[in-house]
Amino acid sequence: MTGTIYVLNGPNLNLLGKRQPEIYGHETMADVEAACLSQAESYGLAVRFLQSNAEHQLIDWIHEAREDAVAVIINPGAYTHTSIAILDALNTFEGPVMEVHISNVHKREEFRRHSYVSLRADGVIAGCGTQGYLLAIDRVAKLVSATN
Ligand code: DHK
């Protein structure tokens, strides 16, 4: 298999490992990036691992993914619950989209239960900690191999 998976991370995830570790764990974004690269490599896939606190930047990366990526894995952070613009951008992407949340958003505040991104996502993983990213890579590899 060949191709690049875009792994996109939204606001506050740059503080992973420091921010509310009782909810988000002790691993850092750098740890998650290294694990994603290694998991994807086992399938012959590459990863572009990105994080931004800015909605427009996430949208620009999704637009880049249209030309450059076989799949998108996205943890939009709080934009999950607010951003029609990110949903619209994802709707322009033709490959598989996986939505990942480190925490179990259904076990938390009511406002975290609604996701605009889920209207586009082919699968949603929540509450599996940072392992959710690796599970999403497994799923994407399966979906990409089925279309090749
Ligand atoms: C991360 C965030 O920053 C929150 O805003 C979401 C998500 C949940 C997560 O669990 O990874 O509500």
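Heads up, the Cβ atoms here are built off N, Cα and C, so glycines get one too.
Here's what TrEMBL has on this protein:
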ACT_SITE  Y24  active site, proton acceptor
ACT_SITE  H101  active site, proton donor
BINDING   N75, H81, D88, I102, S103, R112  substrate binding site
SITE      R19  site 'Transition state stabilizer'
State the Cα to Cα distance, in Å, between R112 (substrate binding site) and the residue listed as 'active site, proton donor', rounded to an integer. 10
Alpha-carbon spacing, I102 (substrate binding site) to Y24 (active site, proton acceptor), which is rounded to whole Å: 6
How many angstrom lie between the most widely spaced Cα atoms of the substrate binders N75, H81, D88, I102, S103, R112? 24
For S103 (substrate binding site), write down the residues of its own chain that are at least 6 apart in sequence and whose Cβ falls under 8 Å from its Cβ; none is a fine answer. I23, Y24, A126, G127
Tell me whether R19 (site 'Transition state stabilizer') sits in a helix, a strand or coil according to DSSP. coil
Could you check which of the recorded positions R19, N75, H81, D88 is the closest Cα neighbour of the residue listed as 'active site, proton donor'? N75
Which residue, of the recorded positions R19, H81, H101, R112, has its CB surrounded by the fewest other CB atoms within 10 A? R19
Under 8 Å between C-beta atoms and at least six apart in sequence, can you list the same-chain neighbours of N75 (substrate binding site), or say none if there are none? L8, N9, G10, L13, E99, V100, H101, I102, Y133
List every residue in the same chain as D88 (substrate binding site), at least 6 positions away in sequence, whose Cβ is under 8 Å from its Cβ. none
Based on DSSP, name the secondary structure state of N75 (substrate binding site): helix, strand or coil. strand
